[in-house]
Amino acid sequence: MADSSESFNIATSPRTGSRRDALTSSPGRDLPPFEDESEGMFGDEVPREEEEDGEELIGDAMERDYRAISELDRYEAEGLDDEDDVEDLTASQRDAAEQAMRMRDREMGHELGRMRRGLLYDSDEEDEDRPARKRRMAERAAEGAPEEDEEMIESIENLEDMKGHTVREWVSMAATRLEIYHRFKNFLRTHVDEHGHNVFKEKISDMCKENKESLVVNYEDLAAREHVLAYFLPEAPAEMLKIFDEAAKEVVLVMYPKYDRIAREIHVRISHLPLVEELRSLRQLHLNQLIRTSGVVTCCTGVLPQLSMVKYNCNKCNFILGPFFQSQNQEVKPGSCPECQSLGPFEINMEETVYQNYQRITIQESPGKVAAGRLPRSKDAILLADLVDSCKPGDEIELTGTYHNNYDGSLNTANGFPVFATVILANHITKKDDKVAVGELTDEDVKAIVALSKDERIGERIFASIAPSIYGHEDIKRGLALALFGGEAKNPGGKHKVRGDINVLLCGDPGTAKSQFLKYVEKVASRAVFTTGQGASAVGLTAYVQRHPVTKEWTLEAGALVLADRGVCLIDEFDKMNDQDRTSIHEAMEQQSISISKAGIVTSLQARCTIIAASNPIGGRYDPSLTFSENVDLTEPIVSRFDILCVVRDTVDPVQDEMLARFVVGSHIKHHPSSKDIANGEEFALPNTFGVEPLPQEVLKKYIMYSKEKIHPKLNQMDQDKVAKMYSDLRKESMATGSIPITVRHIESMIRMAEAHARMHLRDYVVEDDVNMAIRVMLESFIDTQKFSVMRSMRKTFARYLAFRRDNNELLLFVLKQLVAEQTSYQRNRYGAQQDTIEVPEKDLVDKARQINIHNLSAFYDSDLFKMNRFTHDVKKKMIIQQF
């Protein structure tokens with residue numbers, strides 16, 4: 001072992017022998033070779049691969065290698081500054097020198113830095129991931145990205161330190177781009193919600209199932225996880241979104257390797273940007289920044305092809321030049337042909353050029369957000385890729401995009417000096433109508449909706465949820481609820497369409513909350529268009545033709561009924577419309593389409609909407625001694641197209657008036673609570689005439705959307721004989737009274753209302769209860785339009801139909817009020833003035849109750865409804881007393 005050590009020391013010492021021998025011969029060359037090449041020092045096995053790596057210099061006697069040898073320890077003194085007198089630098093001088101060196105390095109650029117780092121690598125080395133890197137570089141070259149070797153780019157740990165650069169300059173640097181790329185890719189892979197679910201894994205899966213190319217990223221999530229990226233994004237959106245798109249594409253291709261056959265690019269869409277700018281507040285400081293604004297789409301061009309990656313043919317040598325990637329700001333053209341060095345001419349290669357979808361829209365400020373006395377401002381926006389056709393005229397949208405400027409020669413001519421036109425390059429669009437869309441309903445929402453449908457009184461709860469701040473008017477609330485749910489449209493054999501929407505007409509005295517009902521429906525309906533008859537013309541309701549300002553072609557612009565397709569069109573002051581304008585909606589109300597033949601355009605537009613109109617009677621107030629047709633200035637074809645007619649009368653009833661006043665005052669107190677009430681924790685509960693708890697507005701909206709989308713009731717189990725007998729009875733009564741004509745349309749109306757009631761309960765088939773409710777609503781609508789003299793006898797005739805789903809207490813209260821009205825009229829005629837108390841014999845109420853098969857009245861006397869209307873029962877006198 002000692003011999004081995006001695007041999008090791010002699011062999012590994014570079015200082016043995018003369019200087020020339022040390023420089024010209026390798027150490028250990030004079031040693032005898034090992035007998036076994038696999039046998040190393042100390043008898044250890046040495047792999048053969050280590051022979052090329054040199055000899056082992058570390059051993060037990062390695063200190064002897066560093067002993068002093070005077071003959072050999074001589075070095076050249078040239079270039080050494082040990083003996084020069086150099087003063088030590090101060091701290092300020094050192095900082096100044098380092099600053100100067102940093103400035104020099106910055107001017108030399110990052111290319112030199114990459115080249116210097118590249119010299120450290122052996123050119124003969126073969127990287128293990130060479131095929132993958134070649135493929136990645138080829139893909140980046142095909143996409144127009146600069147060829148960069150990630151291994152040669154120095155990583156940045158402190159991304160916030162921009163070293164004096166602007167955000168746009170800092171983000172454009174290669175090292176910064178690479179760091180942002182990795183951070184965003186890691187964010188997409190690892191971000192989870194509060195339940196621990198991977199957010200973007202589900203989003204990417206849903207996106208690929210629908211063959212889309214947009215991945216929506218919530219800005220609030222990005223800011224919470226990667227605040228530096230969230231800071232850079234609004235300042236340099238074009239550069240950041242390009243990096244985001246590349247990272248998102250790589251993440252998608254890892255999950256679905258062949259998805260690039262479906263979508264060449266993946267676009268990251270930014271939603272929930274915190275700051276919302278108004279269109280009129282956009283200024284110069286917003287240029288080239290990410291903004292979020294809102295407005296109404298007023299104009300929309302067709303979808304046009306835009307050059308994305310263009311290739312040119314040289315007409316002289318047929319060489320294909322390119323690809324050239326076009327940007328939004330400038331057009332890229334080839335200078336000369338690299339094959340024949342000619343300067344042209346060049347023509348576009350149509351086969352290899354890649355196009356993308358392009359659409360230009362105009363958004364205008366929402367009418368409710370414009371200050372008094374101001375005109376609404378508008379701004380153009382550009383939609384690219386899969387954003388095209390994501391909105392149409394009339395939609396109120398929230399738009400997130402980059403605020404750009406471009407050159408416009410017409411503006412320079414008009415202003416006399418250089419002015420740039422501004423445009424918004426859209427990144428993300430959200431319709432305000434679709435915020436609660438069926439696709440966005442969660443599983444918890446669906447479970448809650450199905451659980452609500454199993455409630456026995458869900459129908460009454462929905463009726464009570466319609467305009468809960470309006471007291472009474474149960475018939476109007478019932479009709480509007482049925483109209484919101486709607487029936488089922490039919491098209492037997494594809495030959496004749498039968499509408500499924502229910503049209504409602506509200507007519508009555510002023511001040512009876514008709515317009516408030518319309519406003520509430522506008523909030524609850526998923527898609528609603530509100531207009532007034534006085535401000536709406538025929539073309540404003542249907543459609544009109546105008547010359548497009550950009551293309552100078554005649555274009556068709558949609559009116560209110562077309563914009564309300566698949567929704568609700570609300571028309572207030574329906575009686576103020578001109579007769580010519582009113583007749584224009586005949587086709588829309590029945591066939592649900594609008595035929596246009598103007599300026600060489602012959603087409604038909606869809607208007608599949610529910611129409612809810614409100615009108616005032618002739619002379620201002622409704623006269624109960626006249627029929628409905630004599631009270632309203634509407635033609636018979638229009639009236640027959642409405643399924644439900646609701647007449648609202650402002651009658652004088654001291655008890656009802658006091659209850660209404662209490663309700664209004666209580667509503668104001670609830671919405672303006674005092675500090676004392678808040679401190680005491682008191683809650684004001686508005687009285688409810690239905691006696692059930694109403695649904696919250698958001699829940700009702702989701703319930704309606706789910707039922708209209710998922711439930712399609714059928715008529716297999718419908719009682720046809722009952723509907724036929726009811727129709728014949730109504731025809732006979734209408735001929736006798738001459739109020740409103742009963743036509744075959746009313747049979748279809750009853751069927752539609754039965755389907756709507758079944759849909760309200762999430763039933764797949766129409767049952768007897770649905771038919772009974774439809775008959776009851778139809779009868780109430782028909783009886784309310786009769787003269788007062790005919791109304792009472794007609795209620796007796798159809799009493800068994802009207803009693804459906806009515807509480808016995810409600811029926812008894814209605815009968816008791818009729819007896820009180822008769823007694824009041826008698827006392828007024830006898831004594832000349834109304835008394836403070838009215839007494840009705842109990843026997844009269846018992847006789848009336850037996851006619852409707854009610855025999856026990858004790859529960860009615862003890863009910864809250866009896867006491868709420870200020871009735872008391874005197875058992876000794878056998879009288880029912882009402883105090884005013």
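Going from the start of the chain as shown, residues are counted 1 onward.
Cβ atoms here come from the backbone N, Cα and C positions, even for glycine.
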Swiss-Prot tags one of 116-119, 356-359, 408-411, 640-643 as motif 'Arginine finger' - which one? 640-643
Looking at 314-340, 476-502, 584-610, 719-745, which one is zinc finger according to Swiss-Prot? 314-340
Which residues does GLN516 (ADP binding site) neighbour through Cβ under 8 Å, counting only same-chain ones at least six apart? ALA467, SER469, ILE470
For SER515 (ADP binding site), list the number of other Cβ atoms lying within 10 Å of its Cβ atom. 16
According to DSSP, collapsed to three classes, what secondary structure does GLN516 (ADP binding site) have? helix
Determine how many residues of the motif 'Arginine finger' (640-643) DSSP places in helix, in strand and in coil. 1 helix, 0 strand, 3 coil
